[in-house]
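Annotation comment: Swiss-Prot describes 14, 15, 16, 126, 166, 193, 294 as UDP-N-acetyl-alpha-D-glucosamine binding site, evidence class sequence analysis.
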């Protein structure tokens, strides 16, 4: 009896890279694959949620984007050491397929797969390809795209798989939407894994100026940085608004399913969650994101009517208040936005990725 095939998954050390990598790992394990995660020391700290059956391989990598002059000089040597280590590991236990999810920690594994001529693919979560995925886009067999359309290098064809989401999100996929009416109104404010200061600055002020009839019915769940939480709590309290403010919500899928409106950054994982559950959104793309990729991520929601996009360059409390008021006072519009979000969802994204992995073994 032959051993189960091995898929090596290479992912960087942020939630945006790790969530879809984890979803693919879980799907492949359920289909009888062996799975190994390749990352660097930073990425290994984010791998705790991966199934215990996933083997871990920590390799040396580095980026020129951070550190001083000496650290930058050491980058080629650290990457080179990582590539050699990855080649040795792959020769000892050769993967059938190598999948990269972006981020500099994927460089050693993707380079080793290229040298050893192992079938390989990348998954790009955002609407504008990151630097590492861009470097490998012409050197892989498949390019899977989480956001559509994705800006790709000339001559490269992408396959729209969507961005895999956590099981807790899938459990609430298409949950019935309760449109805003005369009862209570739930608002969810999320800004990525560490919150977003601009949302902590703007949202409480915007809500405080809403008509009394609407403001007094609001219940807010607001994800804020730990250092901002105290002042955000005080701002809501002074406006008489019921609010739960935390640095991290471990039940975001449930709060998303319960809300009438979500105000969010436009990270790929957040947008995937919003579309799979299906909720109206006000999106505020992170202006400093590489290549302005969050604006690209938000484009499909804006064009379909599922979301309103407010660039940071024009964001103020009044514009945010206006959009909140317009959505929460119009039940028909809010319902249509929720339905439009669902049309963009790819709840089977992990399976689509797994199918591409299997395809590469034939």
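Yeah, the Cβs are placed from backbone N, Cα and C, and that goes for glycine too.
DSSP assigns residue 14 (UDP-N-acetyl-alpha-D-glucosamine binding site) to coil in the three-state reduction, outside any helix or strand. In the three-state DSSP reading, residue 294 (UDP-N-acetyl-alpha-D-glucosamine binding site) counts as helix.
Look at the binding-site residues 15, 16 and count other Cβ atoms within 10 Å of each Cβ; 15 has the fewest.
Listed in sequence order, 126, 265, 266, 267, 285, 286 are the same-chain residues at least 6 apart in sequence whose CB falls under 8 Å from the CB of residue 294 (UDP-N-acetyl-alpha-D-glucosamine binding site).
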